[in-house]
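The annotation transmembrane segment is assigned in TrEMBL to 55-74, 80-101, 135-160, 166-186, 198-215, 242-261, 282-309, 321-339, 360-381, 387-413, 434-457, 477-496.
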């Protein structure tokens, strides 16, 4: 009698095509409430993302307005340009660790984040974890759309002098840009991949043109950087008081993607492609874009004698040529669309689909993401640059750090890199509906930092003048929650895990249900 699909040895260490065992598994799960085509494991025939595709994804997601101005919030808090750049770079090197660990699962099993997280949080509990991450992405979608709408509004104002007099013109441009992105969402994941691949080189060209303009101002490389000292706001805070929350915030910048990176790497051809692609694209893209932002802004001070943080306001000072403005603003709109498609649509769309897999498709989830992004009022989140870093980035990063800690501890240490693929989609499989230990671990990690978050949210610039114990604890945000949640989860599992459940999982441990080579 042949073994059931959930224990087939054909899964072991092979890239299973849809026509083989993977197809049989998909057929057996057709009536499961935890399964739909968008959430299904990706077979070898569907994997087309190579090293360049993944590198391009990260470069295109990094070359955006929020990265361009990221160092500005740190300098406004009192850092020098090189300190701010070092903090941004170090934060993005550190976030590569959870990024690569979770990305490994996407390549190995071909599953998205909402399915992967079922192993650690339970088949129902995963919906809570996925929605926590998804709502943050909705907020980011709104922020990037608001900034893109600002660029569209500036462009329309140049070609139509009456536009600035139109009541609510900024919100109209915001709505138009939102509709443009929804049209891309409706075309699905393949369209997003093609868009990212085309967007990356164009965005690099725009940033390099701004950089060359800054050099050609004739001020000299080091003279330009000297102008950046004007950007540094006088601060009573010591460097280390700014560094730790700034570092945690920069880790938090990509904390969302560090969780749901399997949504992308499930389409990668190999582990090598995702490791090299991410290791090059993420730190290089973030460091390069942040430095260009610092250098160009400093050069603008020497030329125009005013601080022009935002390229949307800077470019009209550089040129009034209509064609050049159209190209420049078009590139900015492309950048905002690129990051929204890659970082802020794919993941929450999968998260919403996970709530009711048979009713909500990827496209429907993408539309829901767009609507929630509007409801989160992004224009309010972007009112203050420093508060945006030390409350929005650091705050949600702390919550997502706890989720990442549980996921990584569960897969890499507790389960020793082995999960039962079929039962992730079965309501009565080996995974419980709710893994309460995961939620207890999250609570133990997050609750102690809430007083510090509250104080930061009610302080000017997001930094408390006279920090107490809980305020200082909050400055370590992501690092604290990641370590405490991961450690607490393992302790709870070892103490309370029943022998019967261990035995049930042990019977599957000899069979590795994989969709691709390690």
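Glycine is treated like the rest: Cβ placed from N, Cα and C.
TrEMBL does not curate its annotations; it predicts them automatically.
Note that the structure is a prediction, hence the values are computed from the model and not measured.
Long-range contacts of the transmembrane segment (198-215) within the same chain: residues 55-57, 59-60, 63, 221, 224, 288-289, 292, 295-296, 298-300, 311, 318, 328, 331-332, 334-335, 337-338, each at least 6 residues beyond the stretch ends and with a Cβ under 8 Å from a Cβ of the stretch. The stretches the transmembrane segment (166-186) and the transmembrane segment (321-339) are in mutual contact, each linked to the other by at least three Cβ pairs under 8 Å (pairs 6 or more apart in sequence). Taking residue pairs at least 6 apart in sequence, the transmembrane segment (477-496) and the transmembrane segment (360-381) share fewer than three C-beta contacts under 8 angstroms. Here the transmembrane segment (477-496) lies next to the transmembrane segment (242-261) in space: the count of CB pairs under 8 Å, restricted to residues six or more apart, reaches at least 3. Within its own chain, the transmembrane segment (55-74) is flanked in space by residues 81, 83-85, 87-88, 143-144, 147, 196-197, 199-201, 203-204, 206-207, 231, 242, 246, 250, 253, 264, 276-278, 280-282, 284-286, 288-290, 292-294, 297, 309-312, 332, 335-336, 338-339, 342-343, 385-386, 388-390, which lie at least six positions past its ends and keep a Cβ under 8 Å from the stretch. In this chain, the transmembrane segment (387-413) does not touch the transmembrane segment (282-309); fewer than three CB pairs sit within less than 8 A of each other, excluding pairs fewer than 6 residues apart.
Among 80-101, 135-160, 321-339, 80-101 has the largest number of CB pairs under 8 A with the transmembrane segment (242-261). Long-range Cβ contacts of the transmembrane segment (80-101) within its own chain (Cβ-Cβ under 8 Å, at least 6 residues beyond either end) map to 70-72, 74, 225, 228-229, 231-232, 239, 243, 246-251, 253-255, 257-259, 261, 274-275, 278-279, 282-283, 286-287, 290-291, 294, 298, 404, 408, 411-412, 482.
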